[in-house]
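To start, the structure itself, in C-alpha cells.
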Amino acid sequence: MFLPAVLFLSAAHILSRLLYLDDFPNLYPFDRDLHERVLDEEMCQRQLYHMMFQDAGILTQFVDAGARTPKGILNGNLRDMGNYHQCLSIRQNALDMTFEGKYCLINVPLNQEFDIPSLEWPIFDTNTLKIDGYLELLEQNELKYSQLRNALSIGTNILDSTSRLGNDTTTIFRNLELKLAICIPKVCTTHEAINSIINVTSYGFVYEDDMCRLPNDKHWVAGDYVAIVLFSIIGFLILVSTSYDLYHLFYLKRSSDQMHLLRLFSAYTNMAYLLRSSSKPGTLECLDGIRAIAIIWVILGHTFAVIPSVVANFFDMAEWVQKVQNIWVTGADLTVDTFFMLSGLLVVYISYVKFTPKSLLMNLHKFYLGRLLRMFPILAIVILFEASLYNRISDGGFWYIAAGNVHTCRAFWWTTLLHIQNFVNPHQPCIIVTWYLAIDAQLHLISPLVLFWLLRGSKRSSWSALIIGLTISLLVATLYIFLVDTNDNYAHYYVNILTRSPPFFVGMIIGYILRMYRNKKVKISRVIAAFFTLVCIGMTYLMLYLNYLNGQPDWGSQTTSNLINAFTRAIWAASVGWIIFVCVNGYGGPINWFLCLEIWKIPARVSYGMYLVHFSMMFAYYSSAFQNIYFTVPSTLFQFVGFLSLTIILAILVTALIEFPIAMLLKPLLDIKPPQQKPLIKDSREISDEQNNIPPLASRGGKVNEVFEPDENENSEKNVDKSK
C-alpha cells in the first residue's frame, strides 16, 4: 500500500506542476477568435476620428458607458466596472460605418509615477459638430483625467504613510492596481482607443489589458450540445414516468408498483417520498439536525467568503472579519470537520450491517463502487452544467469570475470525477467545494484497513485498530504541519488529506461505540452526562476561538500555530461526537429535542445536493452584479436567506429527479447480502450509503439514518473555502 501511495502522490505532484489553464485555450468560455476577427486598424482610426471630430453623440455613448474614478479607493474599492450592458448595446450607423461597443477591463498599477500635463485639445468649429455641447464634453474628459491623476496621487501618498492596516501598508498598496472598465469601438484595441485621446505611454502611464467582451462572444462547444441532449433525455424520462405514475394513481385508481422501472423517474412519487415528514424508529435522528445545521453554516460562511470578489468597501469588511464577535461566520470552515466525522461514523456503523471480515474483502470493489457511484450522478450533472450551459445563464461586467469556473470545469472535469483534484489541480478545481468529496473518497479508500479489524468482533483488535489509526493520522498531520514550511496554506493544508484525516478516524471511533451500545441501555449519571456535554460545547467554542486567533496576523509563535492546526479539528470532531452519543442514548435533553426537530429533515436529506449547487449559484449571482456591492452585515444576511432558499429548492429537484432514480438503477450492481445478524435495515431494497444523507426511493423501512454527506458540506470554501 505504501509504494503505490508514494507513486500516486509523486505523479500527482508532477501533474500539478505541469497543468495550467493556459494549456487549454480552446476551452476558454469566450470566443477569442471572434475578438481577433473583429479588429481592423484602419476602420478603428476612421471611427475614432469620426467620433472625436464629427459626431460627439456617438462619443458620448462610449464615454458614458466607460469607467469613472473608483469611489472609495481609501476604503479598498479599486474597481469601477462602467456599464457593461450599455456598452455592448451600442450600435450606431454613420456614413458607411457601424459603431458597435466593446467592453474592456484594464489594470492600472497604483505603484507608478507619471505626470499628465494639461490636455491641449484642438480648436474645433462647433458649427460642424452635431452637438453644440461637444466642448463641454471635452472639458469633462479633461476633468476626468485630472481626477484619475489625483486619485493615483492619493494612492502614492498612502504608500508613504501608515493607516489602520498597520505597518505593512506600503507593501500592500505597491501590489494593488485599479481595475477600470472602458467602452471602445469593437474594431479597436484598448491601446488604439486610449492613445487616440491622449498618448498616455509617452507620459509614463502604465496599464495592462485584462480582458474584453463582445456581444454574443460565448461560443458553443461540444459540452453545450451534450448537456442539451442529456438534459432533454432526462426531462423526457421524467415526463413519461410521471405521466405513467399519475395515470395509474388517479385514473386507473391502482398502484403502479408492478412496473418499477417505468416509474423510477416519477417526479410525483420521488418528491412525495423525499418530502415525507415521518421518521423511522431506530434512526439516529440527531444526525439530521447536525447535518442540516452544518450545511446551513457552510452556506452562511460561503456567502461572506464570496462577496469580497465584488465588494466596494473591502477594508470595512476586512476589519469586520477580524473582530472576535464574528467567529460565527469566520469559524464556518470547522464545519467541514463535522462532515468528516460523520463520514467516519457512518462507514463503521453501516458496515456492521453489510459485511463480515470475509465479505468485506470479497466485496471490496462493491464497497468502493458503492461510495463512488452514489456520489456520481449529481456530481456529474453539476459538472456538465458548469462546463456548458452555466456560462449562458447570466452575464455582466463581473462575469469573468463565473467564466473562470466554466474554464476550469472544461479543462479539469476529469480530476473532479476521479476525486484527485486536491492533488493535481488544487488551485484550479472544477467546482471549488468538491475538494471535500475528493478527500472523503480518499479516506474511504483506506478505511477497510481499520474496518476489517472492527468486523472481526474482538474488542481488543477493534480498539487497537481504531487507536492506531487515529494516532497515525494525528502524528502524520502534526509532522507534516511542522515540517512543511509553505505560504500555500490552501493547497498544502486546507485541502490536504494528511491534515484532514483525524476527524474521520474520530468519527470511526464514535461509530464503533454507537454500534457496540446499539441494543444496550447505557447508564450514565445525568449530572455527569450534562457536565461533559457542557464541556464539549465549551470545547467547540474554544476551538472556534483558537481558529480565530490563529488567523490573526502576528499572533503567537509558529509552534503554537502549528499545534492549533494539528489538533483543533480532531478535538472539534470529538466534541460533536460526544453530543451525538448522549443524544442517541437518551441523555441529550433539550439538545436532542432541538436536533430532532422536523424542520431539519428536508435539509438533511438533500444536503449533498445543497453542497454541490450552492457555491456555483453564489458565483452566478455576484458575477451578474452591475457594480461593486457595498458590504453590510444585514444586506449579506438577506442575500444568505435567498441563497439558502434557492439552494434547498434546487437540491430537492436534483435529489428527487436525478439522485433517486439513478440510485435505484445502480442498486442491483451494488447489492451485498448482509451477514446473518440482527439487521439495521428492515427492507432489502433499502439503499443506505454510509455517506449518503439522501434517502433513495426504495428506502421504505430502514433503521439507519439516510445520510448523504455533503461538506464543507467549501464550496468551500470555495471555501468555502472558498472557495469556499
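The backbone N, Cα and C atoms fix where each Cβ goes, glycine too.
Here the structure is a predicted model, which means the values were calculated and not measured.
Features as listed in TrEMBL:
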SIGNAL    1-16  signal peptide
DOMAIN    41-214  domain 'Nose resistant-to-fluoxetine protein N-terminal'
TRANSMEM  220-240  transmembrane segment
TRANSMEM  261-278  transmembrane segment
TRANSMEM  290-315  transmembrane segment
TRANSMEM  327-352  transmembrane segment
TRANSMEM  372-390  transmembrane segment
TRANSMEM  397-415  transmembrane segment
TRANSMEM  435-455  transmembrane segment
TRANSMEM  462-482  transmembrane segment
TRANSMEM  494-514  transmembrane segment
TRANSMEM  526-546  transmembrane segment
TRANSMEM  566-587  transmembrane segment
TRANSMEM  608-631  transmembrane segment
REGION    683-724  region 'Disordered'
COMPBIAS  715-724  compositional bias 'Basic and acidic residues'
For this session: Sort out the residues at least 6 away from either end of the transmembrane segment (566-587), same chain, that have Cβ-Cβ distances under 8 Å to it, and list them.
Result: 284, 286-287, 290, 334, 337-338, 340-341, 345, 470, 474, 477-478, 481-482, 499-500, 502-503, 506-507, 509-510, 513-514, 517, 522, 524, 526, 529-530, 532-533, 536-537, 539-540, 543, 546-547, 550, 595-596
Problem set entry | Cβ contacts the transmembrane segment (435-455)/the transmembrane segment (220-240), at least three under 8 Å, sequence gap 6 or more | no
Problem set entry | Residues of the parent chain within Cβ reach of the transmembrane segment (397-415), under 8 Å, 6 or more residues beyond its termini | 19, 21, 23-24, 27-30, 81-82, 84, 103, 105, 181, 211, 213, 221, 223, 309-310, 383-384, 386-387, 390-391, 421, 424-425, 428-432, 616, 619-620, 622-627
Problem set entry | CB contact flag for the transmembrane segment (290-315) and the transmembrane segment (608-631), at least three pairs under 8 A | yes
Seminar exercise, completed: Best-packed against the transmembrane segment (327-352), counting Cβ pairs under 8 Å over 220-240, 462-482, 494-514, 526-546, 608-631, is stretch 494-514
Problem set entry | Contact call for the transmembrane segment (494-514) against the transmembrane segment (526-546), three or more Cβ pairs under 8 Å | no
Problem set entry | Spatial neighbours of the transmembrane segment (220-240) far in sequence, C-beta under 8 Å, 6+ residues away | 27, 262, 265-267, 384-385, 387-389, 392, 410, 657-658, 661
Exercise. What same-chain residues lie close to the transmembrane segment (526-546): Cβ under 8 Å, and 6 or more beyond its ends?
Worked result: 324, 327, 331, 334, 564, 568-569, 571-572, 574-576, 578-579, 582, 587-589, 591
Seminar exercise, completed: Here the mean pLDDT of the domain 'Nose resistant-to-fluoxetine protein N-terminal' (41-214) is 72
